[in-house]
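Encoded as structure tokens, the structure appears first; notes follow it.
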Amino acid sequence: MVRIKDLIISFFNNRWLVFVAAMWVQSCAGIGYLFGSISPVIKSSLNYNQKQVARLGVAKDLGDSVGFLAGSMSEILPLWALLLVGAIQNFVGYGWVWLVVTGKAPMLPLWVMCLLIFIGTNGETYFNTVALVSCVQNFPKSRGPIVGILKGFAGLSGAILTQIYALIKSPDKASLIFMVAVGPTMVGISLMFIVRPVGGHRQLRLSDGASFSLIYCICLVLAAYLMGVMLVEDLIDLNQTIVRILTSVLFVLLVLPIGIPLWLTFSSGPRPSEEEPLLSEPQNKEQPGSSHDPNEIIFSEVEDEKPTEVDLLPASERQKRILQLQSKLAQAAAEGAVRIKRRRGPHRGEDFDLTQALIKADFWLLFWTLLLGSGSGLTVIDNLGQMSESLGYDNTHIFVSMISIWNFLGRVGGGYVSEIVVRDHAYPRPIALAVAQGIMSIGHIFFAFGWPGAMYIGTLLIGLGYGAHWAIIPATASELFGVKKFGALYNFLTLANPGGSLVFSGLIASYIYDSEAEKQAQQRGELIIKSTSFLTKLFDTDDALKCTGSICFFLTFILMSGLCILALILSLILVRRTKPVYQNLYGKTRP
């Protein structure tokens with residue numbers, strides 16, 4: 001009986017159980033991706049025009065990206081309370097929208113509907129924060145795979161929820177809004193006491209490799225399966241029995257990872273002596289500000305005094321030289337020959353709060369490279385329908401589905417590849433970010449020239465590169481600025497996403513498209529009523545003008561390609577600046 005009780009406690013304190021539960025939370029944390037399916041129901045039920053629907057879309061984008069409150073509250077509230085707040089926001093926001101759409105609540109002004117959409121979608125920022133903060137703390141030596149997989153499931157959640165809705169097949173189209181309001185809320189509340197820090201591990205356990213390999217296999221099978229299901233359902237009118245079978249297989253794939261914590265719990269034996277114990281809570285807490293670790297002070301002095309050529313040495317030799325310098329400094333300090341300087345704030349690789357990070361050049365390099373890279377990727381995602389139409393494709397939804405799958409694989413693959421870079425070579429993780437931005441630059445060139453098959457190749461390259469950003473950037477931020485205030489740091493960085501989308505897609509791409517459409521209309525001899533002002537033209541969303549040919553987006557994507565190259569240069573600068581940090585974090589663990 002005691003053995004069973006110990007096994008149950010061990011199971012619920014297993015960090016892999018937390019990771020699997022976080023994956024399920026993230027599977028519901030991308031409700032913003034369903035807006036394209038929800039908006040037609042809102043438009044027809046409330047008699048909105050396209051401009052009004054576009055304003056709801058802006059509210060959705062803001063709610064999806066503005067995570068200031070979630071990040072700030074993560075420093076005050078326990079994570080279970082944070083997940084509960086997100087679930088309540090999701091339920092209240094989309095639940096009220098459902099009541100209005102179905103006529104069970106009175107009509108509301110447009111600005112109130114925008115506020116409800118913002119509140120509902122903003123709930124997913126709490127889901128993201130809880131999942132990432134808890135798992136990054138539980139797996140401090142596997143940040144790349146952890147972040148990549150979790151962000152990947154968030155990107156895939158739209159396809160997962162769509163397939164679940166296909167099982168319901170309600171004649172009432174508003175039932176999708178009801179599912180969005182209730183489904184993520186139920187998942188968040190049911191898992192809020194499981195997704196939490198249970199103690200990270202100082203080094204990789206021997207079983208971690210096999211566990212991550214199984215998770216990666218499941219991710220690849222899940223992505224391929226959803227792609228196949230979407231194509232089959234699009235081409236063939238399936239009966240409800242087949243849909244039930246397909247959805248059941250999806251549930252099996254989602255539940256399958258629970259086998260990892262079960263296996264680790266019931267097959268656990270004596271831990272090898274080389275594995276360090278789990279970090280306990282007191283070890284994670286900071287000591288009072290008046291006391292400082294002398295070794296940390298000496299290390300800070302070493303970072304200031306060591307010759308630059310030390311960083312270029314092999315890891316083992318570098319550590320040997322640093323230890324020698326530390327020993328000399330310690331002896332000199334004890335004899336009074338030198339005075340060890342006290343640090344003003346943390347050094348890179350230690351725990352920063354947001355105000356400390358905001359004055360660091362590395363933080364802003366990370367922010368701007370994300371803004372340029374993800375902003376150019378969102379320009380493709382936001383304009384994919386018009387792009388495919390301008391190039392003569394009728395099945396635009398195929399490219400939307402494809403870029404969602406490539407986005408998912410980019411997030412998973414970005415975490416995996418970047419982890420190899422830091423784990424096997426102790427090289428800065430942003431080098432993988434630079435590679436992703438180089439790939440995106442090539443993808444933009446394909447879109448710009450509209451070559452045969454450009455839409456297929458372009459969506460592949462842009463989807464992979466864009467997705468990789470959301471695996472690499474959070475992991476890099478946690479390594480350079482610590483995990484203690486990770487929620488606030490991560491949610492500030494996500495502001496780059498709507499910023500890039502507003503400037504590159506909302507302003508530049510739309511203006512160039514309308515200008516080319518006007519030229520084509522004038523060549524056809526059509527009467528054009530020009531907008532009275534530049535801003536009116538930019539925000540006119542009636543889509544009255546249509547542009548055909550690759551010229552519609554040629555200049556836009558030449559510019560986007562250049563922005564990706566600029567982002568690549570910023571990433572390489574970050575690589576150069578952070579080499580010592582990664583050598584210190586990972587160099588000493590290499591054989």
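Easy rule for this one: first residue shown is 1, then count along the chain.
Note: Cβ is positioned from N, Cα and C throughout, glycine not excepted.
In TrEMBL this protein carries:
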type     : residues : note
DOMAIN   : 15-261   : domain 'Nodulin-like'
TRANSMEM : 16-36    : transmembrane segment
TRANSMEM : 79-98    : transmembrane segment
TRANSMEM : 110-136  : transmembrane segment
TRANSMEM : 148-168  : transmembrane segment
TRANSMEM : 174-198  : transmembrane segment
TRANSMEM : 210-230  : transmembrane segment
TRANSMEM : 242-264  : transmembrane segment
REGION   : 273-296  : region 'Disordered'
DOMAIN   : 357-530  : domain 'NFD4 C-terminal'
TRANSMEM : 363-381  : transmembrane segment
TRANSMEM : 396-418  : transmembrane segment
TRANSMEM : 430-449  : transmembrane segment
TRANSMEM : 489-513  : transmembrane segment
TRANSMEM : 553-575  : transmembrane segment
Seminar exercise, completed: Taking the transmembrane segment (430-449) as reference, the highest number of CB pairs under 8 angstroms among 174-198, 242-264, 553-575 goes to 553-575
Problem set entry | Region pair the transmembrane segment (16-36) / the transmembrane segment (553-575), three or more CB pairs under 8 Å | no
For this session: Spell out yes or no: are there three or more C-beta pairs under 8 angstroms between the transmembrane segment (110-136) and the transmembrane segment (553-575), with each pair 6 or more apart in sequence?
Result: no
Exercise. Considering pairs 6 or more residues apart, do the transmembrane segment (148-168) and the transmembrane segment (210-230) have at least three CB pairs under 8 Å?
Worked result: yes
For this session: May I ask for the residues of the chain that lie six or more residues beyond the transmembrane segment (396-418) and have a Cβ under 8 Å from a Cβ within it?
Result: 33, 36, 144-149, 151-153, 155-156, 158-159, 216, 219-220, 223, 226-227, 230-231, 234, 380-381, 384-385, 388-389, 429, 432-433, 436, 455-456, 459-460, 462-472, 475
